[in-house]
Amino acid sequence: MTGKRRILILGGGTAGWLAAAYLARYFDIKRQPRLEIVLVESPEISSVGVGEGTFPTIRQTLKFIGIDEAPFMRRTTATFKQGIRFADWVKTPVNGRHEHYFHPFEAPYYTEGEGLVPYWLLQDEATRKPFAEAVTFQKRVAEARRAPKRPHEGDFSGPLNYAYHFDAHQLAGVLAERAVTLGVAHKPARLDGVVLDHTGQIDHIVAEGEVLTADLYIDCSGFRAELIGKALGSPFRSVRGTLFTNKALACKAPYERPDAPIESYTVATAHAAGWTWDIGLDGQRGIGYTYSTDHTSDDEAEATLRRHVGSKAALNLREIAFEPGYRERPWIGNCVAVGLAGGFMEPLESTGIVMIEVAVAMIAELFPHAGPIDAPARRFNALMTARYENIVTFLKLHYALSHRSESFWRDNADPQTWPERLRELLEQWRYRPPSRFDFLIDVETFAFFNYQYILYGMGFRTDLSGARDHFPHVEDANRTFAKVHNFGERATLDLPPHRTLIRQIYAEGFAESA
């Protein structure tokens, strides 16, 4: 093809339609017809997504694509997400006593150019506040069931960092409408076959008898990985030896009453062989149990989920099996994988959609308008591999520090199952807190303060007693701790109840101030 290049996206769902809409917007294909984008999806195949959580990055992505916040929230029954509440991850509950910690989206406050973290570490363990409550007031706001913004603050803005919970099926529909408006051609058709050329690249695909060609094929066919896996044989690297969960049961459950509060955080509750997620949508909750089949049976997993839900309503359970891992070469020749086709670890920390965002942004910026279409492949593969490996390290941290007694958790606490990088970092963090210099921003999904929230939420001890003299601004730090507390008090009064704001957004949208 000369002068004009064509991208063919195989598969819809969140991955396919997000890729289509983002690339169409990035390349402005309606006004710059040198690039054509067509999305082929089978109407017979449903997407994997259930009630889903996201990263704050989704706000900028939606804004860039040109989707307004209020209509998006209405269509997807979206609510706000301010973080994750981890229940019972540290210890197995005894006599009904439960513990929890919070991982907010807000970064910790600073004082006098220094982080508050060392000063918190030097406080008396018996009397100091929980880490997330001491260094930011978002935990207070979320647990008071307040929204992260007010109705006059407009699209995608507000005083606190936030993401969303939403119905993933509805999100795909919103993205599809926007993509078509931006110039993407939609072809509902079942894939019949993939034909390779003499070099091993894709020559064409056949969809319901029609031959379709492209310069670049983007595989968004989910776990089936029709192009990158079945046709091209990209090696899959399993991380099951590190991350043990490999199956999930998901369902939706009604609220006990129509005006029940909606939590603005994901509730992740540890159980004997895994953990449950509980996501508050408008009108219902998205709930699931992800577990290790090496540590429990499917029947016991279902019983665990039903006990956790505790609802008398009939539950329609959906089973999702997965192998945690990723493609070592997600870009081969003229094909690149995005979404589940490229890799998936597990539901913890909502990394699924953010990895779609990362991959699509890289494809957009690295896309060659002339010359070999696979010119960016080596760089793309290196960056994605590093991202996945760093996600493995961060997710394993959640399990590695647990003192729960069940075999699933004891096996997770075995250092032999930890990535080498995690072992090295934990050894260093015994005597200093995580630093931004521990990480390279271009290949990280989680920042140093995300590690701090998990470390100190799980009760990890960093001994700074020998370095106390290096942190002389104790009075300044104490004043900042007090400010954080006061900000939290004020915010719980100023910010509206979460459900109240959701209802207002659905009915009226946002009223931006002049």
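Cβ atoms are placed via backbone N, Cα and C, with glycine included.
Automatic prediction, not curation, is the source of TrEMBL annotations.
Within L23, L340, the residue that TrEMBL lists together with G12, G13, T14, A15, I353 for binding FAD is L340. G12 (FAD binding site) carries neither a helix nor a strand DSSP state and counts as coil. Of all residue pairs in the FAD-binding list (G12, G13, T14, A15, L340, I353), the one with the greatest Cα separation is 14 Å apart.
Listed in sequence order, I84, I391, F394, L395, H398, F446 are the same-chain residues at least 6 apart in sequence whose CB falls under 8 Å from the CB of E349 (L-tryptophan binding site).
Comparing local CB density within 10 A for the binding-site residues A15, L340, the maximum falls on A15. Each of the binding-site residues G12, G13 was scored by how many other Cβ atoms lie within 10 Å of its Cβ, and the smallest score goes to G13. Long-range Cβ proximity for I353 (FAD binding site), meaning a same-chain Cβ under 8 A and a gap of 6 or more residues, is found for T14, L18, E52, T54, F55, I58. Highest local Cβ density among the recorded positions T14, K81 belongs to K81, counted as other Cβ atoms within 10 Å over all protein chains shown.
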